[in-house]
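> From TrEMBL, here are the annotated features:
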- B:Lys76: active site, charge relay system (ACT_SITE)
- B:Ser151: active site, charge relay system (ACT_SITE)
- B:Ser175: active site, acyl-ester intermediate (ACT_SITE)
- B:22-463: domain 'Amidase' (DOMAIN)
Amino acid sequence: MQWETVIGLEIHAQLSTQSKIFSASATTFGAEPNTQASLVDLGMPGTLPVLNEEAVRMACQFGLAIDADIAERNVFARKNYFYPDLPKGYQTSQMDHPIVGKGFLDITLEDGTVKRIGITRAHLEEDAGKSLHEDFHGMSGIDLNRAGTPLLEIVSEPDIRSAKEAVAYVKAIHALVRYLGICDGNMAEGSLRCDCNVSVRPKGQEAFGTRAEIKNVNSFRFIEKAINHEVQRQIELIEDGGKVVQETRLYDPNKDQTRSMRSKEEANDYRYFPCPDLLPVVIEQSFLDDLRSKLPELPPQKRERFESQFGLSTYDASVLSASRELADYFEAVEKTCGDAKLSANWVMGELSSLLNKEGLEIEQSPVSAEQLGGMILRIKDNTISGKIAKMVFEALAAGEGSSADEVIEKKGLKQVTDSGAIEKMLDEVLAANAEQVEQYRASDEAKRGKMFGFFVGQAMKASKGKANPGQVNELLKKKLEG
Amino acid sequence: MHQLTLAEIVRGLQDKQFSSEELTGALLARIADVDTRLNSFISVTGDLAIADAKAADARRAKGESDPLLGAPIAHKDLFCTEGVLTTCGSKILHNFKAPYDATVVAKLKEAGAVSLGKLNMDEFAMGSANESSHFGPVKNPWDTERVPGGSSGGSAAAVAARLIPAATGTDTGGSIRQPAALTNLTGIKPTYGRVSRWGMIAYASSLDQGGPMARTAEDCALLLGAMAGFDPKDSTSIDQPVDDYLAVLAQPLAGLRIGLPKEYFGAGLDPRIADKVMAVVEELKKLGATVKDISLPNLQHAIPAYYVIAPAEASSNLSRFDGVRFGYRCEDPKDLMDLYKRSRAEGFGDEVKRRIMVGTYALSAGYYDAYYLKAQKIRRLIKNDFVSAFEGVDVILGPTTPNLAWKLGEKGGDPVSAYLEDIYTITANLAGIPGLSMPAGFVDGLPVGVQLLGNYFQEGRLLNVAHQYQQVTDWHQQAPSGF
């Protein structure tokens with residue numbers, strides 16, 4: 001049977017506010033346990049929450065960026081359950097009246113097609129603390145530094161059809177919140193976490209299959225692996241005559257497995273009700289208008305502009321606009337050298353593989369945009385060939401010069417364009433390969449074509465790659481024919 | 001000296017007739033002597049009080065004259081007091097020293113008041129007899145075999161017995177007004193949002209409101225003036241200037257329009273109380289008030305609505321008492337679930353458990369619409385009743401309670417009959433309007449209270465009416481014999 005995968009994602013994005021959502025404590029990651037926990041965060045009797053306006057502003061920015069309905073009123077509700085790192089015995093969240101309503105996000109798939117993913121809602125809530133199970137001799141420690149950190153929970157429609165699409169969607173959300181500056185997107189520190197709702201159904205069937213929710217997957221790679229694994233598990237289960245049960249599962253990246261955490265029957269009744277300590281939040285139109293006027297250029301607009309302004313392909317434009325930092329880098333390279341296509345090729349090619357290899361972010365690139373742009377300028381004015389440029393690029397990456405010009409100068413990589421010098425070098429090459437020259441001249445047109453490459457190679461080798469390839473071609477042809 | 005009202009004490013301190021230290025010392029001695037018969041205090045903070053009194057005297061010597069400088073009071077034991085035991089009348093907080101001051105506590109400190117200690121109360125403010133306290137029941141000074149009302153029963157008994165001139169209380173369904181009525185005091189529950197809830201341990205957040213309890217309307221005005229005001233730490237606090245409550249006391253009552261809701265005089269009301277209430281009406285007429293019959297048709301739904309909303313909120317508010325971070329923790333928990341279950345089972349009393357269960361049920365999946373949501377709709381109807389009533393009258397008048405103070409233990413086995421004692425008071429909490437109870441005479445030697453309800457932020461008007469009434473009557477001056 002042909003199976004279709006149906007995926008919906010819940011992404012928790014930690015908002016990068018200075019203080020917590022309902023208290024004045026700082027939200028810095030990695031502080032000593034319980035040093036960023038105020039009376040409110042500790043759930044002390046008699047304490048009350050006061051909403052952080054910045055968190056509201058950030059949620060609204062996100063809503064505007066996904067073209068969502070933002071209702072005039074949103075309401076905080078209490079989600080009641082007991083857990084040691086949940087100090088009040090309830091999490092202040094939103095239920096019936098979230099701050100951000102229906103919206104959408106367009107994602108670009110690997111084949112360059114654009115797919116629209118519906119976003120059901122996004123709501124504000126507070127994070128819980130952490131339970132620490134090591135170093136306490138059979139007991140548990142509680143760190144409430146994270147308790148009260150503002151989260152935006154972004155819930156997608158079940159519009160996603162594969163693990164790859166899911167990753168593309170999470171990447172697009174990741175890019176968006178970073179473009180907006182509302183979340184640092186640091187998945188290793190838990191600033192962006194993802195719950196994946198996965199089900200399968202026979203191709204063509206309209207009704208959804210029973211879904212399992214995989215909790216807290218915290219990297220792009222794990223999202224893809226966890227979903228693929230879960231899809232396989234469900235298909236095998238059904239094909240073996242079993243049934244998928246609605247449950248919460250955990251992904252174990254070490255074993256590349258998901259395992260059951262709790263079933264639907266064991267799920268809490270959270271007894272949501274409007275939080276009586278917080279009034280409904282009223283969002284005024286003028287507030288939204290003001291935010292809208294200050295929104296930065298977002299990935300879809302940037303992609304379109306890269307296509308129209310620079311003539312890039314949809315795929316190249318999507319890759320380059322995927323993160324604000326990458327887009328800014330590309331634009332800086334283009335500005336320096338004035339050649340968008342070469343800039344795109346270098347940024348997506350040599351630079352990307354260098355960063356991948358070194359595990360660096362674009363902001364940490366050892367080659368600056370100005371250095372790369374300057375180097376491309378030298379390709380354009382024939383100072384160096386593309387091949388030599390790779391050497392220059394490597395030298396720049398290794399910090400062997402502050403600019404391409406300096407590297408070219410220091411290493412003597414300047415391309416030879418003096419016809420006299422090239423002719424002299426070619427004469428030497430042909431003399432050294434007299435036998436091949438004889439063969440060449442005796443051969444027919446087809447064979448000559450193949451052999452010509454040999455001479456070019458020898459010539460470039462002799463010039464240590466510095467001879468202008470165009471001139472080498474032209475002069476070599478003349479001499480061999482002559 | 002203990003017979004002085006708060007206003008008289010303020011004047012006496014101003015005129016240097018006595019020092020705060022002398023007065024505080026005298027009252028502390030009286031508490032030590034008398035309170036064994038009442039059990040109105042959970043903690044007496046004598047050393048702290050004497051130190052604060054000395055500091056107040058020193059401030060006065062330097063020429064300072066804050067309104068309550070050196071005046072002795074005490075707090076209901078659900079207002080957090082830094083470094084001082086704050087128990088909420090519960091075993092689960094029997095060892096809890098609050099790490100901070102409630103806004104009300106801080107404001108009264110700032111105004112110069114000297115706190116003598118923390119007053120007994122129904123556990124987590126749940127009750128109308130002060131019998132549910134982990135620290136034992138409080139007795140009514142008018143008859144120590146009877147209840148003082150609740151949940152601010154300790155506040156009521158201590159002030160009625162002249163242990164202190166005034167106290168703070170809180171009122172979620174009548175917990176200031178009902179004990180005031182049963183002990184011959186004046187007490188006012190302000191408009192919801194008028195007094196900060198920061199540091200006031202929550203029972204039902206959307207209904208709780210702190211307020212003063214004293215012997216006269218003037219004393220309530222004095223204390224409320226210092227307690228009230230916007231607090232950025234409480235999101236439900238209202239940013240509106242506080243009226244000068246003392247300044248409006250003297251206003252004549254000519255032209256005052258009083259509404260008498262017929263539903264407040266129906267079956268269930270002790271007819272002897274009805275007579276006393278009507279006598280108050282006659283007195284107010286003499287002072288120039290006009291009287292009109294009105295209707296508050298949704299009164300009958302108030303108790304069921306209240307006993308859904310308040311427990312629902314309480315079930316969530318009391319979740320933080322889990323034995324993990326503060327308060328009572330059971331011995332040798334086997335695992336997490338055992339820690340939770342036994343800490344809460346052993347730490348909470350029966351009435352608190354009953355309301356947690358009721359509230360949990362009302363919020364459960366499948367019941368939420370039928371209970372919680374419906375109760376909220378009734379709440380809206382009750383509010384609308386008042387809004388339309390106040391279009392035609394300035395003040396609504398009726399009995400505070402349907403019955404006189406009952407005997408200790410009398411309603412122990414019948415929680416619902418105790419719930420019915422709140423019938424006349426809980427509507428003000430559901431609607432968020434201010435309500436005041438003042439002495440209206442005696443039946444069989446037991447005090448009767450009359451209740452005045454006002455429109456939003458009309459605390460000044462209620463205090464004015466009560467004060468004018470107290471200028472021409474002396475019910476409020478009667479003291480319980482033996483105290």
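Any Cβ shown, glycine's included, is placed from N, Cα and C.
How buried are the listed features, and what sits near them?
B:Lys76 (active site, charge relay system) counts 30 other C-beta atoms within 10 Å of its own C-beta, drawing on all protein chains shown.
Under the three-state DSSP scheme, B:Ser151 (active site, charge relay system) falls in the coil class.
B:Ser175 (active site, acyl-ester intermediate) falls outside any helix or strand according to DSSP and counts as coil.
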> Provide the number of Cβ atoms within 10 Å of the Cβ of B:Ser151 (active site, charge relay system), excluding the reference atom itself.
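Looking across every protein chain shown, the total is 35.
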> Rounded to a whole angstrom, what is the C-alpha distance between B:Ser151 (active site, charge relay system) and B:Ser175 (active site, acyl-ester intermediate)?
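So the alpha carbons of B:Ser151 (active site, charge relay system) and B:Ser175 (active site, acyl-ester intermediate) sit roughly 5 Å from each other.
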> Are there any residues in the same chain, six or more apart in sequence, whose C-beta is under 8 angstroms from the C-beta of B:Ser175 (active site, acyl-ester intermediate), and if so which?
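Spatial neighbours, sequence-distant, of B:Ser175 (active site, acyl-ester intermediate): B:Asp122, B:Ala125, B:Ser128, B:Gly150, B:Ser151, B:Ser152, B:Gly169.
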